[in-house]
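What TrEMBL records for this protein:
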type: REPEAT; residues: 81-114; note: repeat 'ANK'
type: REPEAT; residues: 116-148; note: repeat 'ANK'
type: REPEAT; residues: 149-182; note: repeat 'ANK'
type: REPEAT; residues: 218-250; note: repeat 'ANK'
């Protein structure tokens, strides 16, 4: 329907014009199209330069819509996009009167579009129309109705910038903060995917009863999902609300924790926020037993000495890794001590030696490894060269310790294996570094 004068529309209706004729849309739905509303404004100058809203436009539309409904317009017909008039109106700013009119005339408030995706409430929430959200809920919309992905309106609300207002309206009308979508995620677990995640939304959800230790179908917790955001303040909020910092999840590689996930994916040069987040977690009781031991090598190379010591205290045992040649360092097996020597971190190298944080390859390193000596001489690492001279030859005690440590092996359960040995407690303590 392209007529704009209410009188002309009424005349056509009285003459028997088919009110439910349909092309790609219906007359009722077409009234709410952006093109129709724009043309309506231009033809009748319904918005003056001093007005900041489309109030008069929607009042005029209500009059036309009332006439169409009076003459039998199908309020639940859909357009080719699968949307009814109520769904189309739900995303329009200032359309509260129209939504109420449609519901009062039989619009199915809880039906989803023809493709089974979204109902009017979902569309109002996702478009950020909080006033439409409110009028739909007051008119009987099911606040916990699921969309095609089993998400509820509150799942959609937390994805939006400035989600608090719609979120609060949904909570006031009984939204379930622990409803799960088709991946087992609660609204709190959807929030980490949003780059503007806010502490306020997290607090609102948790204070409304959202479980901070809920696991989705992949076994992930909220803390694990937020770890990659590297936001120390948000991590603190979750921990303050009781999130389990050492919760574990298993995949094809092995067990993971929030800390190991963060370090595996985000510990990169220049990401100081992720370094701070990792140190914060270690300071608040996170175990590093599931952290890939090669993180130690990277931390040494990045000159993060304090972080190295925190990882060791958190349970990361020394391990040899194979280093591919990058034309800077030699190719071959390297230990944490090797990296410290290569990079002239004499303080760390001394710490490793003094605390016996050594691997099997270090027997060779400490016995004047020619490759390391050549590299140190080439780069004039005189302090590290002096250190090696001080500890040569190796004591029998140190050689025995390295042998026992190698025999016990690595892995998250190293501490349990050490405890099961019959070694003196002083030796056990040494093996835990």
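Here the Cβ of each residue, glycine as well, is placed from N, Cα and C on the backbone.
Outside the repeat 'ANK' (218-250) by six or more residues, the chain places 183-184, 188-189, 192-193, 197, 199, 202-203, 206, 212, 256-259, 261-262, 265-266, 271, 273-274, 276-277, 280-281, 284-287, 290 with a CB less than 8 A from a CB of the stretch.
For the repeat 'ANK' (116-148), residue counts in helix, strand and coil come to 16 helix, 1 strand, 16 coil, using DSSP. Applying DSSP to the repeat 'ANK' (149-182) sorts its residues as follows: 14 helix, 0 strand, 20 coil. Confidence for the repeat 'ANK' (149-182), expressed as mean pLDDT, is 91. In the repeat 'ANK' (218-250), the DSSP tally of helix, strand and coil residues is 15 helix, 2 strand, 16 coil. Residue counts for the repeat 'ANK' (81-114) under DSSP, split into helix (H, G, I), strand (E, B) and coil, are 14 helix, 2 strand, 18 coil.
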